[in-house]
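Engineer: First the structure, then my questions, so here it is.
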Amino acid sequence: DHHHSTDEPSESSKPCCDECACTKSIPPQCRCTDVRLNSCHSACSSCVCTFSIPAQCVCVDMKDFCYAPCKSSHDD
């Protein structure tokens, strides 16, 4: 169980995504296009960030699903 807890996201430890784009293939190929500051969500394995300050980061992982929206996680 190799969990890298060095850059733990401050928002929440659960991965989430508001802007998710999927192809119409079977299985679908989904990519989260959310831009986050300084880090990607906790389950992201390929995080690409700009060199600006603060860095704007996008997760480029391809999944066959979308994560739950981040906005709804504040209501429970």
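Cβ atoms are placed via backbone N, Cα and C, with glycine included.
The disulfide bond annotation in Swiss-Prot covers C16-C70, C17-C32, C20-C66, C22-C30, C40-C47, C44-C59, C49-C57 and rests on similarity to another entry.
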Engineer: Using the structure shown, find which entry in C16, C47, C70 (the disulfide-bonded residues) has the sparsest Cβ neighbourhood within 10 Å.
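Structural biologist: Per-residue Cβ counts within 10 Å for the disulfide-bonded residues C16, C47, C70 bottom out at C47.
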Engineer: Starting from each candidate's C-beta and looking 10 angstroms out, tell me which of the disulfide-bonded residues C17, C44, C57 has the most other C-beta atoms.
Structural biologist: C17
Engineer: Taking DSSP as the reference, which of helix, strand or coil describes C70 (disulfide bond)?
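Structural biologist: For C70 (disulfide bond) - judged by DSSP and reduced to three states - the answer is coil.
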Engineer: So for C30 (disulfide bond), how many other CB atoms are inside 10 Å of its CB?
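Structural biologist: So the Cβ neighbour count for C30 (disulfide bond) comes to 18.
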Engineer: If you count Cβ atoms within 10 Å of each one, which of the disulfide-bonded residues C20, C22, C40, C66 comes out on top?
Structural biologist: C40
Engineer: Quick one: pull the CA-CA distance for C47 (disulfide bond) versus C16 (disulfide bond), whole Å only.
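Structural biologist: Answer for this pair: 14 Å between alpha carbons.
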Engineer: Using a 10 Å cut-off on CB atoms, tell me which of the disulfide-bonded residues C32, C49 is the least crowded.
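Structural biologist: The disulfide-bonded residues C32, C49 were compared, and C49 has the fewest Cβ atoms within 10 Å.
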Engineer: Do me a favour and check the Cα-Cα span between C49 (disulfide bond) and C32 (disulfide bond); whole Å is fine.
Structural biologist: 14
Engineer: C-alpha of C70 (disulfide bond) to C-alpha of C17 (disulfide bond): distance in Å?
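Structural biologist: Distance between the two Cα atoms comes out at 5 Å.
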Engineer: If you draw a 10 Å sphere around the Cβ of C59 (disulfide bond), how many other Cβ atoms fall inside it, taking every protein chain shown into account?
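Structural biologist: Result for C59 (disulfide bond): 24 other Cβ atoms within 10 Å.
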